[in-house]
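Asker: This is the feature table in TrEMBL:
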{"type": "BINDING", "residues": "S26, G27, G28, A29, D30, S31", "note": "ATP binding site"}
{"type": "DOMAIN", "residues": "384-456", "note": "domain 'Lysidine-tRNA(Ile) synthetase C-terminal'"}
Amino acid sequence: MKDKILQYIIEEKMINKEDHIVVGVSGGADSICLLHILYALKDTLNITLSAVHINHGLRKEAAIEDAAFVKALCQKFEIPCYDYYYNIKEVAKKEKVSEEEAGRIIRYNRFLKVCNEKINGKIAVGHHMDDNAETILLNLIRGTGIKGLTGIQPIRGKIIRPLLNTSRKEIMDYLSKYNIAYREDLSNYQAIYTRNKVRLNVIPYIEKNINPNFVKKIVKTANILQEDNDFIQEYAYEKYTIIKKEEANNSIKLYLEGFLKEHIAIRKRVVQLAIKHISTEKNIEAAHINQIIQLAHKEVSKQINLPNSIVVKKNYSTLDFFIDENNSMNKMAIEYGIKIPSKVHIMEGNKTIITKILKNEKDITMTKKPYTKCFDYDKIENTLCVRTRKSGDFIKLKGLNGRKKLKDFFIDEKIPKETRDQILLIADEKNILWIIGYRSSDEYKVTKQTKNILMIEILGMEDITDGKN
């Protein structure tokens, strides 16, 4: 296996002579195997090594024993070992991310910091072929484009993955053959996290009942998709260089005529390249890209605000991308009381809300137009308002135990986090009647028993939205 990994390192051009490799070592089978292999190859590759171990503060005594185990091994190999402690629960709470994500961020930030202190530094982590298969399958389940189906890359910036062409079985066989000790994290065998469910339940089922070579096949497919993705990306970049009119550090203009002539797949990639030029793609989701694609078809002077203070504006002949710190997507805490009947103008977003009472159910046929909804007026409790979301909000829907948290609704609808605080809601004192642009509550639906019908019409919603009304 050592020769196989050496060949993979050479083929992928992961390591150069005199590189210093910072190895992420948890103490588990994968990272211990990686450290042993790199230690065995260090003279052949002419490299130096150090190790970084992170205690996430989740496993108490077991985590302390993990750290001691890693430090002892590094002492045996006579390589530096940098170990750090973090309270991942607190980090996750502070950053409002999952513990898994918090741990990942902490690890890579610390790896990078140590790496940057080294001459010719690179970071080696223990992802293997089975990890890659899990990632590809997870991305497919969650929904992704071609790039997401290409899986984990052998090289990403300073990060290298020498074991990516090696299966979990090969790693375990190697450790067993040479009687190499490693630490066990029992949480890896608990089907709590989604990735664990895929690893412990989904892939074994596929291998047992459908295709015993599933891992190799899906990784092979990912490699084919990577080749296709590389070609499409190169083609998109060529088009991008033709379509762009002007560029500066914090802005870029695209010729609309040339942009609109391209296939939708190329337009999306051109948009991503424009964003990458002025900022970062972090926090930019597929929904944002689709909004920009739609913007190109809107009237002149329309604009949208994106995360990272990015603004995209349509002009007469160009689509302009620029940074405007004053137009960053901040939370809009909006609440206006609504009298019935009335006409209420919402300053934020330039919207107007018209309410009226209908006595005849036949009148509803006249309201079949976008952003107009009818509700059972007698079910409304006290005053009505239009507002943005609040903590604990939910909407009553059929088939979901009678209700669904607004947060969960936004997640299921793939509404970007940065957009959620801008979505307007119609609500009474207890419940949400209407998530404007998306869904109305089943609790207030007009039925044969309805005596008084409340009609609500929203003007100014013909802007950028692709919701369900």
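The first residue you see is number 1, and the count goes up from there.
The backbone N, Cα and C atoms fix where each Cβ goes, glycine too.
Where the annotation comes from TrEMBL, it is an automatic prediction and has not been curated.
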Asker: Fewest other C-beta atoms within 10 angstroms of its own C-beta: which of the binding-site residues G27, G28 fits that?
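Answerer: Across G27, G28, these binding-site residues, the one with fewest Cβ atoms within 10 Å is G28.
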Asker: My understanding is the cutoff is Cβ-Cβ under 8 Å with a sequence separation of 6 or more in the same chain; which residues meet that for S26 (ATP binding site)?
Answerer: H53, I54, D66, V70, G126, R183, D185
Asker: For the recorded ATP site, enumerate neighbouring residues of the same chain (Cβ within 8 Å of the Cβ centroid of S26, G27, G28, A29, D30, S31, site residues themselves excluded), in sequence order.
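Answerer: For the ATP site the neighbour list reads V25, I32, C33, G126, Y182, R183, D185.
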Asker: Name the residues of the same chain, 6+ apart in sequence, whose Cβ is under 8 Å from the Cβ of S31 (ATP binding site)?
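Answerer: Spatial neighbours, sequence-distant, of S31 (ATP binding site): V23, G24, V25, V125, G126.
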Asker: Please report the number of other Cβ atoms within 10 Å of the Cβ of D30 (ATP binding site).
Answerer: 23
Asker: A29 (ATP binding site) has how many other Cβ neighbours within 10 Å of its own Cβ?
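Answerer: Result for A29 (ATP binding site): 22 neighbouring Cβ atoms inside 10 Å.
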Asker: Which of the three DSSP-derived classes (helix, strand, coil) applies to G28 (ATP binding site)?
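Answerer: For G28 (ATP binding site) - judged by DSSP and reduced to three states - the answer is coil.
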Asker: For a three-state summary based on DSSP, what are the helix, strand and coil counts in the domain 'Lysidine-tRNA(Ile) synthetase C-terminal' (384-456)?
Answerer: 14 helix, 21 strand, 38 coil
